[in-house]
Amino acid sequence: MKLESIQAAENKLLVQTYERNPVLFVSGQGVYLRDENGNDYLDLLSGIGVSALGYAHPAVEETIARQSKRLLHVSNLFYHEHTADLALRLTEISGLDRVFFSNSGTEAWEAALKLARANSTRLRAQGRTIGTKFLALDHSFHGRTMGSVATTAKAKYREPFGPVMPDVEFVQFNDVADLRAKFSSEVCGICIEPVQGEGGIHLISSEFFAAARELCNSTGALLLADEIQCGLGRTGKWFAYQHYGIQPDVTVVAKPIANGIPMGAMLCTNEAALAITPGMHGTTFGGGPLACAVAIAVIDTMKRENTLAHVEEVGAFFKSKLQDLAKHHDCITDVRGLGLMLGLELNSADLAKKVAQQMMERRIIINRTSETVLRFLPPYILEREHVETAISALDAILKANTALAGVAPAGEKSHG
Ligand SMILES: *Cc1c(COP(=O)(O)O)cnc(C)c1O
């Protein structure tokens, strides 16, 4: 009832940017969200990778309560207690040297793009030959502001807003030859997501990542790793690039950093940071006391509770269960991912849409991305029993739908 009146009001009052599911959530606890009627939903999406410690986590609640009584905002004209403490933690876990705080993912990415351009300007002033062009990848997603959409592959996100930032060329995903062909001294930065999120859970190959590193080294261009979705523990390491043993010059994080309090950060090397001097870049809200205090609580909780090992363990279990499911259903064409960033690709967009909807009817929240890919980005505190609930629901839904469509289940392949 409440839902319907809110829907009607939003339809009239909001810019129509979203197609929401018809559910009104009022609270959450652990890995569950509760709707207005008191129904609990198992959340395998965590608000698109944000609520990493789940809902109503005591460390987060207590930090917000404590900080709200002390100080919410001072602006970047003054010091506050938490900035340096958080920056120290972020540099320790990333292997990078310096941090710029923002309020969202796309702002952190804009800071990375501006840093690459400023780095290039600085190198040119020293007589080096380096241009202003970015290379970005097919299926990439870097956010919704003008620079971010310019480096985002999907035309639908760019073209209605044109002209966006010029000087971006797209490289075929994981195609080293294409990367080498398009790279030149004109390039100021190569943009990658070590694990692509919106693009459908695609892992960059070691060869491609290494080639990008080597090409950047040859000219002074910056290697920019967007870890907004795959970073800060999502894949079982603090940063997805740590699976490859390759260090970028710049990385950006956001989604899970403060468990739902808006925040982002750009991290870079000392060398790259030389390009920025006071006054060149900034933000009113970025790195405020509340967001910093909560981010410290999130990182310290993850260290104390050994969350990375948990993500790796439950993630591997989840992936193996999805792979088992794939043996029984011909409609599953691929299982991909690392840690708790997983994708199940189906052979039809309609089927993927139906499965996501029917999971929702069973009160299990998943998401569909890139048309055919079911995406799982659960809270890091997910347990095996939750995985089992989700897998048996998926199994039942896939059985029912493929039977309806007259597609024979993969009988011979099924066992156990
Ligand atoms: C979500 C996301 C962004 C944009 O973050 P916002 O906070 O929505 O601006 C950028 N890059 C990647 C990889 C993302 O997943």
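Placed from the backbone N, Cα and C atoms, the Cβ positions cover glycine too.
Record features, source TrEMBL:
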- G105, T106, F141, D226, E227, I228, Q229, T284: pyridoxal 5'-phosphate binding site (BINDING)
- R144, T283: N(2)-acetyl-L-ornithine binding site (BINDING)
- K255: N6-(pyridoxal phosphate)lysine (MOD_RES)
Site diameter for pyridoxal 5'-phosphate, Å, by largest Cα distance between G105, T106, F141, D226, E227, I228, Q229, T284:
25
Rounded inter-Cα distance in Å - T283 (N(2)-acetyl-L-ornithine binding site), T106 (pyridoxal 5'-phosphate binding site):
13
Based on DSSP, name the secondary structure state of T106 (pyridoxal 5'-phosphate binding site): helix, strand or coil.
helix
When you measure from the Cβ of G105 (pyridoxal 5'-phosphate binding site), which residues in the chain that are at least 6 apart have a Cβ under 8 Å away?
G143, I228, V252, A254, K255, G264
Contacting binding-site residues for ligand 1, chosen from E227, T283, T284 when the Cβ sits under 6 angstroms of any of its atoms:
none
Go through F141, R144, D226, E227, I228, our binding-site residues, and report the one whose Cβ sees the most other Cβ atoms within 10 Å.
D226
Output, ordered by sequence, the same-chain residues six or more apart from Q229 (pyridoxal 5'-phosphate binding site) with a CB under 8 Å from its CB, or 'none'.
I48, G49, E193, V195, G197, E198, K255, M341, L377
Give me the count of other Cβ atoms within 10 A of the Cβ belonging to T284 (pyridoxal 5'-phosphate binding site).
9
Neighbouring C-beta atoms (10 Å sphere around the C-beta of T106 (pyridoxal 5'-phosphate binding site)):
22
